[in-house]
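In Swiss-Prot this protein carries:
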type	residues	note
ACT_SITE	Asp655	active site, proton acceptor
BINDING	Cys531, Gly532, Val533, Gly534, Gly535, Phe536, Gly537, Lys538, Val539, Lys553	ATP binding site
CARBOHYD	Asn81	N-linked glycosylation site
CARBOHYD	Asn125	N-linked glycosylation site
CARBOHYD	Asn252	N-linked glycosylation site
CARBOHYD	Asn294	N-linked glycosylation site
CARBOHYD	Asn359	N-linked glycosylation site
CARBOHYD	Asn365	N-linked glycosylation site
SIGNAL	1-27	signal peptide
TOPO_DOM	28-425	topological domain 'Extracellular'
TOPO_DOM	447-842	topological domain 'Cytoplasmic'
TRANSMEM	426-446	transmembrane segment
Amino acid sequence: MGGDFRHFSSHVSLLLLFLLIVKSSSSFTPADNYLIDCGSSDETKLSDGRNFKSDQQSVAFLQTDEDIKTSVDSIPITDSNASTLPLYLTARIFAGKSTYSFYISRPGRHWIRLHFYPLNHPLYNLTNSVFSVTTDTTVLLHDFSAGDTSSIVFKEYLIYAAEKLSLYFKPHKGSTAFINAVEIVSVPDELVPDSASSVPQAPDFKGLSSFSLEILHRINIGGDLISPKIDPLSRTWLSDKPYNTFPEGSRNVTVDPSTITYPDGGATALIAPNPVYATAEEMADAQTSQPNFNLSWRMSVDFGHDYFIRLHFCDIVSKSLNDLIFNVFINKLSAISALDLSSLTSALGTAYYADFVLNASTITNGSILVQVGPTPNLQSGKPNAILNGLEIMKLNNAAGSLDGLFGVDGKYKGPIGGMSSKKLAIAGIGFVMALTAFLGVVVLLVRWQRRPKDWQKQNSFSSWLLPLHASHSSYISSKGGSTSRRMSIFGSKKSKSNGFSSFFSNQGLGRYFPFTELQTATQNFDENAVCGVGGFGKVYIGEIDGGTQVAIKRGSQSSEQGINEFQTEIQMLSKLRHRHLVSLIGFCDENKEMILVYEYMSNGPLRDHLYGSKENDPNPIPTLSWKQRLEICIGSARGLHYLHTGAAQGIIHRDVKTTNILLDENLVAKVSDFGLSKDAPMDEGHVSTAVKGSFGYLDPEYFRRQQLTDKSDVYSFGVVLFEVLCARPVINPQLPREQVNLAEYAMNLHRKGMLEKIIDPKIVGTISKGSLRKFVEAAEKCLAEYGVDRPGMGDVLWNLEYALQLQEASAQVDLSEDKTTMNIEMDLIPGEEMQSPSHSIP
C-alpha cells in the first residue's frame, strides 16, 4: 500500500506519508490479487481499471484433464454494470473434476468472485451444465446450473484462506462444468468483525470470523448503481428501486459525496465508499406530525441459514444535531430502538454502520424485510427515518455449505446424515409393490361385482372408503329430527356475521350449532374444559345431545396465522370422511366466532402414550404394547394414504407428527390438524410453497427446494415410526450432539447394527426380530434423502401390515428361549415364509 518509498532518506518520513495516504483516501492494495479471464487468449482490461490475466498466463494455476475453451464475439446482454461484460465472452469448460489452486501470501479473508454465462460450444450445451464448486472447507455451489442465456450469473463470497486456496469444479455425472472468470482478492481485516448484534435481540453473535459468507445483496439506498471503479474494493452497489416495497412513501436525498466524513475509529471508505453515504431515502411525509408507516425494503434469501446484515447510515437530512431519531426493524423484530445518529457521530454528514446477525428461524417467507420508522411520541425533533445502504450476506450452515445440505466430500449432511440410495434395490421393491397394488385393485373389483343387492343398507364397503363431499351433505338440525338440505344459513344473521360467513356457507359444513348451545356444552368455555391450545385458539371438551362428548375448537380472532390455518382445516375436512381421519361434526359463526366441532378423541395424542407421562406421576399413562404401536401406525398410514390417493384431488398434510395422531377410546388412530395442508397438484409433481411444518419432522428436500410433494409426508411419517419405536422426542438438544436428532441417530445406529440401544426399554424383549426388521426397513425407506426414492404411503402401509403379521405369528409360538434381549432370534417362522398381507386402498 502506498507505493515504493525506498528512495526516501528517512524511515520516519515513510511512516508519516503512509499514514497520510491511508487516512486521506482509505486506499487498499491487496496482497493477493488473482484476476483470470478464463478461456481468453489475451489479457482483458476492464473500464473500471482492473486487468484480468489471459488463460495462457494463468495455466499454472489450473489442473484439468482436457483443454476445452470457447469464445464468442458478443452476447445478447445489456447489463447496467457493463464494465464486466467483456469477461463473459470466453469460458473454460471442464468435462471432469478440475482445480484452480492459488498460493496465498497473506492469510485472511479473500473475495472469491465467480462469473458464469453459458456460451455456445459445438460439443457441449452449457445451458444444461450441472456442477458443484467447493473450496477445501466450504461448498460454494451445489448442483448449480447457470440456466439460459438471458442473463449473466455473478457469485461473490468472503472465504478465509491460509497458505493455499483451491477451487474445485465438479461436474454432475454426465454433465460438464464451466467458468468465465475468477477473482481471488485479499480483503481488509476490518471488513467483517468477529461479533455482531443478534436479531432477535440476545447476547451478541460471536465467532463470525470462522464462517464463510456469500454476498447476496449490496444496495445503495436512494441512489443509482455504484460500479467497481468507484469502490476501493471493486464492489458493485445496486440501486434500491427493485427492493423498495413502498416507493410512494419515500423520497430520495442526495448530497455531494465530498462532504461525507468518516469518524476516527469508525466507518471508512473500505466499509463503504462515500457515494453510498451521500444518498438516502427519507420519509416522503416527514413533515407530518405522526407518519403512520415505515420505509421498507424486502430482499429474497434462502431458508436454513443465518444472515450477516450491515446497515449504513449518514444523517444528510437534518439541519441540526439531535433532530433525527428513529427505530430500525429486521423481519419486524426490533434491531435498534431510538437510533440517534448525531449522538453516535457528534456531527452531521458522518458515516455510521451497524452489524447484525439474523437467526434463520425468523425467515418464514424466503425474504428479509428491513424497515426504518420514526420513534413515536418524540419530545424533540421531527418524525423521520433514513437509510443509506445495506448489505446481506449468507453464513454457511452446519454442513459447511452456502448452497444446500451436502458437504465438501459430497455426502449429505442434513437431518438424517447422508443415506445413499440403492437404485436396483428400490427398483425391485417398487416392482413388487406395484404388483401387490395391482392385485389389490383386482380384489376390490371382484368384491364390487359380488356385492349384495342391498349393499347400501348392509354397507359392504366401509363408509370411509370413498370421500364424502360436504357440498352434497345435509344439514342436521341441532334439535334433531329429519334432515334437510341447508342452502343458506346466513341470510338472516348479517348483523352477527364475523366476516367469514360467505366462506363458511360455501363449504357445506353440515350441522350448525347456535353459540348458546356451545356455551352450554363447555360451561361457558370454562378454562377447566380446555384440552389443547394452538395458533387458532383453544380446544375444549364439551357435551352435546344429552351426553355425547365432542372437541370444540374456538378460533382466536387475534391470530392471523391461526385464522388462515383454521380456514384451511375447514376446506380440507369438508371434503373428507375416513375412519382414520378426525371427523368434523359442525360449526358455529355467531357473534364474530369461528368454532368447529369435532369428534372427541378420548385418549389424546399418540405422543402422550410414548413419553408423555411425567416422572412420579400417580396416574401414568399405560405403556403401549408393540402390537398396539403397530396397529396405531397402520391406522395412521391408512389415513395418510387416503389423503394422498382417495380424495378427488390428493391432499398433502404437511405437518405429520405424533401430536397430530389422535387416539379414540379403543386406541384407533386418526390423523388430525389439517391447518397446513395443501391440495396436491393435478398436473405437476410438486407444489412450490413456503416451507412450513415442524422441526425434526421436516423433509430436508422440501426444505431445500421449497417444492412440496406427498413424499414430504412420507418422510415425516418415517420420523414418526422411529419415535414410536424409541419413545423419545425427535429433537432433544440436551443430549450429546450426535444424539440430538432422533432420525439421524437411529439411522446411524441401524447401520452399525446397534439400533436396540435406543429402542424403548419398556418393550425390549417383546418385539419379534422379523417384525422389527420389517418395521425399520419401512422407516428407513421413508427417510430416503430424495423423495423419488421414497415409497408411497400405500407401500409403507403394506410393510407395516406385514410387520404386524410377523409379530402375531411370533406371539403364537411357544418359545423356550429367553426373550429378554433383542439379540436373540425370536422368529421361528422366517419372514420370507410369511404370507404377505393383501393390499388395497384402505
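Yeah, the Cβs are placed from backbone N, Cα and C, and that goes for glycine too.
Distance noted between the C-alpha atoms of Asn252 (N-linked glycosylation site) and Gly537 (ATP binding site) is 44 Å. Closest by Cα distance to Asn125 (N-linked glycosylation site), from the recorded positions Asn294, Val533, Gly537, Val539, Asp655, is Asp655. If you compare Cα positions, Asn294 (N-linked glycosylation site) sits closest to Gly537 out of the recorded positions Cys531, Val533, Gly537, Val539, Asp655. Each of the binding-site residues Cys531, Val539 was scored by other CB atoms within 10 A of its CB, and the lowest score goes to Cys531. Annotation: Asn294 carries the greatest number of neighbouring Cβ atoms among the glycosylation sites Asn125, Asn294, Asn365 [cut-off 10 Å, Cβ to Cβ]. Listed in sequence order, Leu225, Ser227, Pro228, Thr236 are the same-chain residues at least 6 apart in sequence whose CB falls under 8 Å from the CB of Asn81 (N-linked glycosylation site). Same-chain residues at least 6 positions away in sequence with a Cβ under 8 Å from that of Val533 (ATP binding site) are, in sequence order, Val539.
Ranked by CA distance from Cys531 (ATP binding site), the recorded positions Asn359, Asn365, Asp655 have Asp655 at the top as the closest. Around Asn359 (N-linked glycosylation site), taking its Cβ as the centre, 16 other Cβ atoms fall within 10 Å, counting all chains. A distance of 17 Å separates the Cα atom of Asp655 (active site, proton acceptor) from that of Asn365 (N-linked glycosylation site). DSSP assigns Asn359 (N-linked glycosylation site) to coil in the three-state reduction, outside any helix or strand.
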